[in-house]
Each structure stands twice: as C-alpha cells, then as structure tokens.
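Undergrad: So Swiss-Prot says this about it:
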- ARG23, GLU80, LYS120, LYS454: (6S)-5-formyl-5,6,7,8-tetrahydrofolate binding site (BINDING)
- ASN226, THR245, ILE247, THR250: K(+) binding site (BINDING)
- 226-231, 245-251, 270-273, 335-338, 358-360: GTP binding site (BINDING)
- SER230, THR251: Mg(2+) binding site (BINDING)
- 216-377: domain 'TrmE-type G' (DOMAIN)
Amino acid sequence: MSTTDTIVAQATPPGRGGVGILRVSGRAASEVAHAVLGKLPKPRYADYLPFKDVDGSTLDQGIALYFPGPNSFTGEDVLELQGHGGPVILDLLLKRILALPGLRIARPGEFSERAFLNDKLDLAQAEAIADLIDASSEQAARSAVNSLQGAFSARIHQLVEALTHLRIYVEAAIDFPDEEIDFLSDGKIEGQLNGVMADLEQVRTEARQGSLLREGMKVVIAGRPNAGKSSLLNALAGREAAIVTDIAGTTRDVLREHIHIDGMPLHIIDTAGLREANDEVERIGIERAWNEIEQADRVLFMVDGTTTDATEPAAIWPEFMARLPATLPITVVRNKADITGETLGLTEVNGHSLIRLSARTGEGIDLLRDHLKQSMGFTSNTEGGFLARRRHLQALETAARHLIQGHEQLVSAYAGELLAEELRLAQQSLSEITGEFSSDDLLGRIFSSFCIGK
C-alpha cells in the first residue's frame, strides 16, 4: 500500500462509548472536510458541526479538528471527527468517508508509521506510544511517557555522537600515519573509548530495568511435592489462586498469576511437584514444569524445612540442580519456618540466595518481595527512566560487543582500521534503536502490532 494515500480509521476502541473519533491523514484530508462538514475548519481550533451524508442528511454532529501538515502528529494534513460513540453511527460515517476518491482504511499503526517516516518522532518514540497504551502499572506508564518525550532516544543520540567523534579521531590517525604523535598509542583514544563503554553499560542497566517494567519478570516456583509451592503462590498473589491440600501432587498443571510489587510486574508460575510420575497426567504436568523452569528469569527452589537441614541446593537435591541451566538464578526458599523455628531472613550461601519463611502464615513474604526486586536490579525510583524492548537490549548488547572487540584491537595491536570498523558497527547497532538504520521488514513488524487508529 502506498504511503501517499489518504488514510482513515477509528481512533477510539470499538464498541459503545460517549465519544467516538475518526482520524484522517493525508493530502485529501481537506477534501474530506469539505465533503462531510461543508467547510474546512480553522486550523487547530475546535469547530462544532454536523457530519453530512452524501445526500446532505445529517449522520451525526460533533467536534471537528483540522491540523495542516507538517504541524500535525503524522506530519501530513490531519482531520479528526469527534462524534457520538455508537458503533452504527461511526460505521456510517466511516463508510461515508471511504466513498470519497483516494481514501482507504489505515493499516495497524500506520498513523504512527507516517509520523516516523515524516521525522515527527523516531522509532523508539513510536514504540513508546504502543507501550503507553499497554502499560500495566503506573511506573510503566510514566516510563513510557518519558520514552515518548525522547528520554531513551536522547541517551542513544549521546552515545552515537560520542562514537562519531571517536571515529573521526581514529580515522584521522589512520589517514595521517606519519605524524610525530602516534594517536593510537598515546592513550587518548583508549580513554575516550573507555568512557563510551562505561556510558553504554549505564544505558544497558537502565534499559534492562525498562524492559523489566514493560515485560515483567518470570519467576517459577519449583520443588518436590508438598513443599508449599502453591501456598507461596497464594501468599504472593494475595488470594487463593491455587488449591492447597496435604495430598502430595495436588497441583498437576501450570498455574500463572500476574502481580505487581511496587510497580514491578511479575509473572509467578506454580508448577507440579517434581518426582517420578505416578500416572500419565502427572507426567505431563512435570514435563510442563521443566519447560517453564528452563524459560524462567529466576527459580524459587521450594524446600520443606521439616525434611532437611541442608541449605545448599546441591546438597538438598543434586539431581534437580544438575538439570537446571547453568546461568539460571536460583533462590532457595526454606519453607515452614513456623514449624522448624528457624529465624526468618535472607542470606547468601555459596553464590545462592537463601530465604527462610512460612508460606502458610505469611511470615517472611515481604522479605521475598524485596529480594525479587533487588535480584533484578529494580529500584522504586524510576523518575527519568524509560521503557525498553527486547530488540533494544539486543542492539545495546551488540554495540557493547563491538566496542569490546575494538578495545582489544586497540590495546593488543593498535589496529586502527579494525578499531574503526568495530566503532562503525557499534554505531550502526545503536542507530537501529531510533530507526536511523532499520530494514523495512523490521518497521513492518513493529508498526503492525499497533492499534488500527494509531
């Protein structure tokens, strides 16, 4: 479809409502205004007018707003018709507009895509629109607004600018090798490179927290039957989400709860007790449990404190630990402290976190909540923070890898050409975040996930 067509779509959710909005963008927006309104409204002023059908009869009446390009959201001429929110009325008005020559229904996200293509916002800001709509907490919404206002993009532009200056310096050293000063070995380039690498690492840290706010942390509760996994799920969820009995193997399928801890979204997953299955249904449940464990951001290894005094995971259940992915973070949760009399608290044991609590009474649950926040580097202070997507994290990781490789070339061989190439690749990876170097396929995937009227 052509990006020069004039597009129209409903900008409010489908269904009944007090107000329904149709948005038109493109060179024929003024023609739509003359046909439906009988006049072109004064730019950026609200005008209360009847909306006319082709025969002159009134379909509805409401507010019309006209924004001539480039001073509009999309950078094109934009007309918004704000009428009553009945689906029949909106459908009649939409059909009236589509009957005009050169008009078509907008693709999902096409208004935002045109804003991007017309340099009204960059790709990270465009994605922030969708993230703001989908925000599941106040902090996620505030961070999405920061991204929309350019907080994330500004950090990326600073890094790109620093890399540009560094590339100029490196390439000058390559082009003028006969100068008395060896620019590659005098330490100045390495100092600048180290500074950029440190700044990039700080942005990566903030982006990881932004991704956490957007997507949530996946925490899987795993362990033997009757260790208290479902009781812990209920305690974290604050409700009876799972059935709890003294019968081993009560939980046979995966149970999911979505909760927030101080604005941080968590996906808590309760799984079937791990043991040799007694029947086919239990076997399937245990297989699903392992699938969830392998995809987790963190595992809460639930231990019945009345059955063992051990605190090291390998000593508690070596076969379980042997099957876990080596890089998967684990927190050992010694449950039933109300029975064993153990002191509630969090400690570190040989690189693993250990927490003593009682899922039945709720004692120690607040300690676990704080631990989950801290383990993911989450802080309650997100003022100035931004949201990030997985593609952003991947681009930042790629850029960091190129800078590390460039640093190795510099300190080991003073290989200016190789360093310059690594700097260029790092710069390109960063520019993909804001859309300065992005394939049409990537843009299509991003904007297709938006609402129709966005």
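Here the Cβ of each residue, glycine as well, is placed from N, Cα and C on the backbone.
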Undergrad: Using a 10 Å cut-off between Cα atoms, which of these binding-site residues sit near ALA272 (GTP binding site): ARG23, GLU80, LYS120, SER230?
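TA: Qualifying among ARG23, GLU80, LYS120, SER230: SER230.
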Undergrad: Could you measure between LYS120 ((6S)-5-formyl-5,6,7,8-tetrahydrofolate binding site) and LYS229 (GTP binding site) for me? Cα positions, answer in whole angstrom.
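TA: Between the Cα atoms of LYS120 ((6S)-5-formyl-5,6,7,8-tetrahydrofolate binding site) and LYS229 (GTP binding site), the distance comes to 50 Å.
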Undergrad: LYS229 (GTP binding site) has how many other Cβ neighbours within 10 Å of its own Cβ?
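TA: Excluding its own Cβ, the number within 10 Å is 31.
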Undergrad: Quick one: Cα separation, LYS336 (GTP binding site) versus GLU80 ((6S)-5-formyl-5,6,7,8-tetrahydrofolate binding site), in Å?
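TA: A Cα-Cα distance of 61 Å.
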Undergrad: Fill in the CA-CA distance, ARG23 ((6S)-5-formyl-5,6,7,8-tetrahydrofolate binding site) to SER358 (GTP binding site), as an integer in Å.
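TA: Checking the Cα atoms of ARG23 ((6S)-5-formyl-5,6,7,8-tetrahydrofolate binding site) and SER358 (GTP binding site) gives a distance of 55 Å.
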Undergrad: Taking all residues of the domain 'TrmE-type G' (216-377) together, what is their mean pLDDT?
TA: 83
Undergrad: Looking only at DSSP and grouping its letters into three states, which state does LYS120 ((6S)-5-formyl-5,6,7,8-tetrahydrofolate binding site) belong to?
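TA: LYS120 ((6S)-5-formyl-5,6,7,8-tetrahydrofolate binding site) sits in coil per DSSP, no helix or strand.
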Undergrad: Since the record lists ASN226, SER230, SER358 as binding-site residues, which of them has the fewest other Cβ atoms within 10 Å of its Cβ?
TA: ASN226
Undergrad: Just to verify: the residue among ARG23, LYS120, LYS336 with the fewest other Cβ atoms within 10 Å, which of the binding-site residues is it?
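TA: Minimum Cβ neighbour count within 10 Å, taken over the binding-site residues ARG23, LYS120, LYS336, occurs at LYS120.
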Undergrad: Using C-alpha positions only, work out which of the binding-site residues ASN226, LYS229, SER358 is nearest to GLU80 ((6S)-5-formyl-5,6,7,8-tetrahydrofolate binding site).
TA: LYS229
Undergrad: Is it possible to get the count of other C-beta atoms within 10 angstroms of the C-beta of ALA272 (GTP binding site)?
TA: 27
